[in-house]
Each structure stands twice: as structure tokens, then as C-alpha cells.
Amino acid sequence: MKQQQQTPELFEDFHMPITLDVSNISAYSPFLVPQDHLGHSGVFMGMSAFMLFLFIAGTAINVLTIVCTIQYKKLRSHLNYILVNLAISNLWVSVFGSSVAFYAFYKKYFVFGPIGCKIEGFTSTIGGMVSLWSLAVVALERWLVICKPLGNFTFKTPHAIAGCILPWCMALAAGLPPLLGWSRYIPEGLQCSCGPDWYTTNNKFNNESYVMFLFCFCFAVPFSTIVFCYGQLLITLKLAAKAQADSASTQKAEREVTKMVVVMVFGFLICWGPYAIFAIWVVSNRGAPFDLRLATIPSCLCKASTVYNPVIYVLMNKQFRSCMMKMVFNKNIEEDEASSSSQVTQVSSVAPEK
């Protein structure tokens, strides 16, 4: 029992948060042997298939978004820069995260070793954080353009570029510390993908403070930004709809934008809510046992965002969708369907003047 309590200090590159009736826990290293003691082979194969789907679908839809934006000039608006940034970060996670997890789940252990774990953990964290902060920037930019809190402020190319650079800076601020000694990257969940150490406490890695830093800096702040900006946007649109009660198009825009905002906020919570809740629970319940299969879910939901975020922010955007249909299937969609009635970035035409 004494040896088990020292385990977090003895192993620099992994942690086994379950009790094993063995004298040599290193023999169960997730870098050396299949983790059959953590779950049935069917669980690993199912996760492998899921990661393969995320890799293929995530790569395809995000590459399509980038290529489509390059091909069609009308998509290269300042407000769409951040959507391309989101697609790049999603593609980053698909290539460096989902593909690695697919093979690791297939082998049932992290075959790429401790160094590979640090690389995969870092790259996945960077991609995830860029995606997270990009969603906050999307909300902020739409608030600035539609609600016009700065009066006659004009959103220009430098602002759009700054909005794309900001998420990468924030991501580096979140992803670099575990490489520098504040927390660490280790296998998580079923030990087939890597991320920050949520599990261990009271050690030299100071994981508790890092988890709280991530919760505040990378969840609470972006989420508060999203809720505030979209809340203000909805208020603005309701006022515009009330002022133009006889306009069917304005009423339709308000309804569709409201649905879009609900979907956006819900999508953010699905992606990052479980991670935030799980991390806080682990820190608040030090030493409490938990099912590693359940601990895999937050990571999977974050990787799955590479597919459902483009669906929310790109495919539900009629202008993007019409261009994609034309590029892939050579099929034209009627111009009125490609209008921006459901597109938050272009509903400023119904916003009241200030």
C-alpha cells in the first residue's frame, strides 16, 4: 500500500489511477504493453474505429472548408477569416490527435513512447485551445459588427488577422507549461492518447494550480465571452425585429439566429464542459477512484469537435454550404437560399443603427 501511494512520484511519464495487485506496476506501462487490464478488446477496437472516423471526416470537412474559401472570393470576407482559422485548428487535431489515437487504440497501448506522448499531448492541446479560443473570437467579432458597441468602428483586415493570431497565442500559453514542468503530458483515460495530468495531486508537478489555470483561463473566460456576446446579439436582433414587426425576413432572421446561437453555445459545452467538470472533480476529490473508461470521454468529445464544429459554423452557413455544393457536386443552390438570413455574421443589416 505504501508503494502504491508513492507511484505518482516514481513514474515520471505515466500514472495508473487504479489499484493493481502486482508488485511491479512498471510492467503495466502504457508505453510497453497492451492495457487489457483496463477494458475489453472490443472497447479498444470500438474507440479505434471511432478515431478513424474522426480522422477521415475531420480531415475531409476541414480541408474542404479551407479549399472552398480559397476558391470562392465571396467567402474571403474579414468575418470568415476566423472560420478558416477554426478549420486549420480542427485539421491540426485530426492529423496529430485523432490519427495517433486511432493507431494507439488499435494496438491497445501508446506505442509511440514517452516522447511521442509529450508531442501528441502538446499538439492536441494546442489544436484544441486554438479551436476553443477561435469560437470565443467568432462571438466577439460578431458582437462588434452586429451590436456596434464601438459606434462607427469598421472591422478591417488587420482586426481579422489579429483575431486569428490571438487564439494561437492563448493556446501556447496553455500548452507550453506542461513541457516546462508545470503539470505534464501523460497517457489519459484508457492510456491510448495523451493530455495534461488531471490525475495526480500533491507532487512536484503542481497539477492542481495548472488545472485551475486551465479552468479559469481556457474555459470560464472564453465561455463567458461567448455567452455575453451572443446574449447581446440576441437582444439587438429582438429590438430590430420589434422595430420591424411587419418584415417577415427580419422575423425569420431573428428566429434562425436564435436557434444558431443555442446550437453554438450547446456545442461549446459538449466539447469542453466534460473536460472542465472532470478536471475540477479530480482536483476536488483527491485520491477518489474513477472509471478510466469514463475518463476517456472528455478527450473523445474534444476530438469529435473537429467534425461537429464545422457542421455548426460552416455547413449551417448557407453561403459556405452553397459554395461547397457547387465545388463538390457542381450543383448551384438558389441565391435566396444562399442568403445570410441564418448567418450571424451578416445579419447586421437588421441591427438598429447607433
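Residue numbers in this text run from 1 along the chain shown.
For all residues, glycine too, the Cβ spot is worked out from N, Cα and C.
Feature list (source: Swiss-Prot):
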- Cys117-Cys194: disulfide bond (DISULFID)
- Asn24: N-linked glycosylation site (CARBOHYD)
- Asn207: N-linked glycosylation site (CARBOHYD)
- 69-80: topological domain 'Cytoplasmic' (TOPO_DOM)
- 141-159: topological domain 'Cytoplasmic' (TOPO_DOM)
- 238-259: topological domain 'Cytoplasmic' (TOPO_DOM)
- 317-354: topological domain 'Cytoplasmic' (TOPO_DOM)
- 44-68: transmembrane segment (TRANSMEM)
- 81-106: transmembrane segment (TRANSMEM)
- 121-140: transmembrane segment (TRANSMEM)
- 160-183: transmembrane segment (TRANSMEM)
- 210-237: transmembrane segment (TRANSMEM)
- 260-283: transmembrane segment (TRANSMEM)
- 292-316: transmembrane segment (TRANSMEM)
- request: Return the stretch with the most CB pairs under 8 A relative to the transmembrane segment (160-183), choosing among 44-68, 81-106, 121-140, 210-237, 260-283.
  value: 121-140
Field: Residues that sit under 8 angstroms from Asn207 (N-linked glycosylation site) by C-beta distance, when 6+ apart in the chain
entry: Ser183, Arg184, Pro196, Asp197, Trp198, Tyr199, Thr200, Thr201, Val283
- prompt: Taking the Cβ of Cys194 (disulfide bond) as reference, which residues of that chain separated by at least 6 in sequence fall under 8 Å from it?
  reply: Phe110, Cys117, Lys118, Glu120, Gly121, Ser124, Tyr185, Ile186, Pro187, Glu188
- line: Same-chain residues at least 6 beyond the ends of the topological domain 'Cytoplasmic' (69-80) with a Cβ under 8 Å from one of its Cβ atoms are 87, 141-142, 145, 155-157, 159-160, 319-320, 323, 327, 345-346
PLDDT averaged over the residues of the topological domain 'Cytoplasmic' (141-159): 87
- request: State the residues, same chain only, that lie 6 or more residues beyond the ends of the transmembrane segment (260-283) and have a CB under 8 A from a CB inside it; answer 'none' if no residue qualifies.
  value: 132, 135, 139, 198-199, 201, 207-208, 211-212, 214-215, 219, 222-223, 226-227, 230, 233-234, 290, 295, 297-299, 301-302, 304-305, 308-309, 312-313, 316, 342, 344
Long-range neighbours of the transmembrane segment (121-140), counting only residues six or more past its ends (CB under 8 A): 82-83, 85-86, 88-90, 92-93, 96-97, 163-164, 166-168, 170-172, 174-176, 178-179, 185-186, 193-196, 218-219, 221-223, 225-226, 229-230, 264, 268, 271-272, 302-303, 305-306, 309, 313
Field: Cys117 (disulfide bond): tally of other CB atoms within 10 A of its CB
entry: 26
- prompt: Should Cys194 (disulfide bond) be counted as helix, strand, or coil on the basis of DSSP?
  reply: strand
